[in-house]
Amino acid sequence: MMLALAACGGTSGGSATPKAPAATAASESNPAYVKAQELFTANKCISCHGVDLEGKVGVKTNLQKVGSKLSSEQIANQIKNGGGGMPVYKTKLSEEEIGLLTDWLSSKK
Ligand code: HEC
């Protein structure tokens, strides 16, 4: 439904109350995922993995389907311990932050 641009039409007066814009875009408006994306940006993950998770330093850095490739445990371990060119993050991020990133990346299938 393309109601988004209908704001200032006004010629024929009020059609019935349109949907509130609040309830759109389900998955990426999940607050936990939004927070995870902030962490992903703030901790420079994007410099190697890219804004769209497309991967900037080789195929293994593409995370677009990492949730089907790795278990959440493996994802968490990679974030904690790094390796293969990736820095260690367990000293920089809390368990909770690693958990947020892991849940979000696990949803990438
Ligand atoms: C300096 C570059 C760099 C940064 C910064 C970086 N990574 Fe990585 N990451 C890599 C590389 C390179 C690999 C592939 C490692 C390998 O070959 O095993 C990788 C692998 C991964 C994997 C596993 C992917 C797979 O398919 O095996 C995950 C998950 C991941 N990174 C998440 C993150 C997160 C989350 C952050 C930020 C907290 C981050 N990375 C920051 C370079 C980086």
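Backbone N, Cα and C define each Cβ position, glycine as well.
TrEMBL entries are annotated by machine, without manual review.
Residues annotated as region 'Disordered' in TrEMBL: 1-28.
The domain 'Cytochrome c' annotation in TrEMBL covers 31-109.
Taking the Cβ of C45 (heme c binding site) as reference, residues of its chain lying under 8 Å away and at least six apart in sequence are, in sequence order, L39, L101. According to DSSP, C45 (heme c binding site) sits within a helical segment. Marked as heme c binding site by TrEMBL: C45, C48, H49, M86.
Secondary structure from DSSP puts M86 (heme c binding site) in a beta strand. Counting every protein chain shown, the Cβ of C48 (heme c binding site) has 15 other Cβ atoms within 10 Å.
Taking the domain 'Cytochrome c' (31-109) as a whole, pLDDT averages 97 in the prediction. Remark: secondary structure over the domain 'Cytochrome c' (31-109) totals 46 helix, 2 strand, 31 coil, with classes taken from DSSP.
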